[in-house]
Amino acid sequence: MGEALAFFFCRRKNLLLTGGLDQIIRVWNPHLPGKPTGLLRSHMAPVIYIHLSSEDNKIFSMSTDNTVKIWDLETHSCLFTASSRASGIQGALAVCLYLPGPRALCVAADTVALLHLRMRSAPEPHLALSHQEPVVCCGYNSAFRHVVSCSEASIVKVWDFETGRQLSEFWGAHGNAGITCLTFDSSGRRLVTGGRDGCLKIWSYNNGHCLHTLKHDEKQSEVCDCTYMEVNQNNVLAAHFIACTMCPLRLWIQDAPCDFHHFWKPQPHWQDDLNNGHKEDILCVAQCPPFLLATSSYDGEIIIWNVVSGHVYCKLNTPSPSDDPNHREGPDPSVSRLAFLKTRAARLDSVAASLIANGPGGSVTFWRLFGGAGLIANFTPSREKAQVSSIAVTTEDALAYLADQQGFVHVCNIKEYGLQGPELPPPKSSLELIEEENILLSSSLDHTVRLWSMNGAYIGTFGQSSPWDIFTPASWSHPRVPYEILTDPQSTPAHSVLEGDAPPGCTVGTEEQDQVMEEETCTEVGAGTSSSAVFPL
């Protein structure tokens with residue numbers, strides 16, 4: 001046991017909590033001091049503050065890297081992690097204080113930050129859970145028709161797409177560090193995960209065997225996002241790391257594309273990246289074969305790269321939603337989600353938008369990349385201006401699915417949107433889809449991974465007691481829906497009469513309004529990602 005730097009005694013629970021240099025939080029019974037009753041492992045730096053909220057059965061902790069974590073007192077699992085960027089804490093930590101009334105954590109560093117901790121209600125007793133911890137990412141493997149989901153506790157689960165049954169799972173994928181992202185290789189045979197420990201791991205995910213570990217050369221860093229692509233007949237892993245200082249793009253090249261046991265060698269940093277790359281930490285990466293790669297950062301900058309040459313193709317700057325000079329504290333300018341419109345990019349369309357990105361204030365931006373890069377359209381799909389947390393586009397760029405942090409998925413028909421230059425109104429909403437599977441896969445911090453049909457029918461939650469048959473709609477949960485959807489007032493469709501814009505009984509003209517499908521109800525701390533959505537194409 002290392003030197004203790006923080007402790008907290010809860011008289012109501014008769015528990016003592018300690019944390020220190022070894023990055024572990026220990027739970028003690030004061031009457032049995034010989035051995036701790038629980039060990040909480042997830043911090044990547046010494047723990048310097050601990051508080052136990054007996055009303056919520058939650059433990060709040062903070063480490064020297066200004067990372068805030070929330071733990072469940074009963075299960076000792078980590079429920080949420082907020083990095084210093086997400087929480088807005090800058091500089092060396094001076095003191096922390098938990099305020100039970102407003103349920104807020106007051107942190108004094110270079111400035112004083114007040115983190116309002118909004119706790120979601122306990123799950124309904126009958127609610128099927130896919131994980132016991134928040135789900136941070138999920139993916140569909142079309143080669144084996146599997147769904148893979150990863151939780152905050154570094155647990156990976158493999159599910160049968162057609163029935164919802166769990167096939168396998170493995171624990172401690174990144175040790176005590178949480179998983180942050182996943183991707184598959186081009187064959188679908190290997191799973192790649194990134195973690196808060198700064199490692200990329202390549203797995204034979206069916207049996208949980210780690211084939212290779214790729215380690216970043218910075219001591220304190222975490223993988224923020226990763227993607228897999230093929231360049232000049234070589235397999236390439238591109239990853240982005242968040243560390244104490246800005247981190248450039250990192251690439252690994254595999255010498256023997258068919259042998260994942262073969263050594264992956266890190267490539268030298270691109271000189272153009274070192275000279276003209278991002279000045280802030282990179283948050284997201286997206287690829288568009290055969291040679292385009294897009295990255296985005298905390299300051300809202302988007303850079304399009306030529307992967308073959310390693311040069312910057314163009315730079316895009318996300319517009320601020322507020323022009324009010326008196327509005328000093330504007331919304332978070334970061335861009336954390338990108339998606340190429342690949343059919344347009346493949347033909348190097350010089351007029352149409354070829355890239356979608358999220359932005360501040362819940363906005364979504366469409367960008368032209370060729371023939372003079374620039375902004376084509378900018379609109380906000382959420383009535384509540386909730387931040388867009390995930391973007392998925394169908395193979396022919398006909399529909400865009402935009403998941404927000406309040407748990408809704410906005411379905412937008414973009415087939416003709418942004419084709420002829422700048423657009424003013426947002427795209428028309430639609431639930432029409434012509435895809436092979438017609439399925440939407442979603443995951444959320446509320447511990448669930450779910451399947452929906454593209455017209456909004458709820459198929460089921462992975463981990464539920466009764467399996468479904470994906471080919472038999474009668475076996476789906478539809479017309480039943482998850483309980484939290486029935487109780488959420490935002491599930492009410494947008495309509496001028498319901499919103500009070502017209503008196504009852506008056507005829508209201510039809511408007512092109514957003515149709516939204518409830519994905520999950522998920523409250524959170526800071527600016528963490530609330531959900532992820534992918535298409536099983």
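Numbers here mean position along the shown chain, with the first residue as 1.
Positions of Cβ are set from backbone N, Cα and C atoms, glycine also.
According to TrEMBL:
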REPEAT    40-81  repeat 'WD'
REPEAT    128-169  repeat 'WD'
REPEAT    179-213  repeat 'WD'
REPEAT    275-307  repeat 'WD'
- State the residues, same chain only, that lie 6 or more residues beyond the ends of the repeat 'WD' (40-81) and have a CB under 8 A from a CB inside it; answer 'none' if no residue qualifies. 5-8, 10, 12-13, 15, 17-27, 87, 89-90, 93, 96, 98, 100, 103, 105, 107, 109, 115, 117, 119, 132-134, 152-153, 176-178, 196-197, 220, 222, 244, 445, 524-526, 528
- Item | Contacting positions for the repeat 'WD' (128-169) when only residues 6+ beyond its ends and CB under 8 Å are counted | 42, 75, 77-81, 175-184, 187-189, 191, 193, 195, 203, 205-208, 441-449, 451, 459-465, 467-471, 529, 532, 534-537
- Query: Counting each residue once, how many in the repeat 'WD' (179-213) are helix, strand and coil under DSSP?
  - Reply: 0 helix, 22 strand, 13 coil
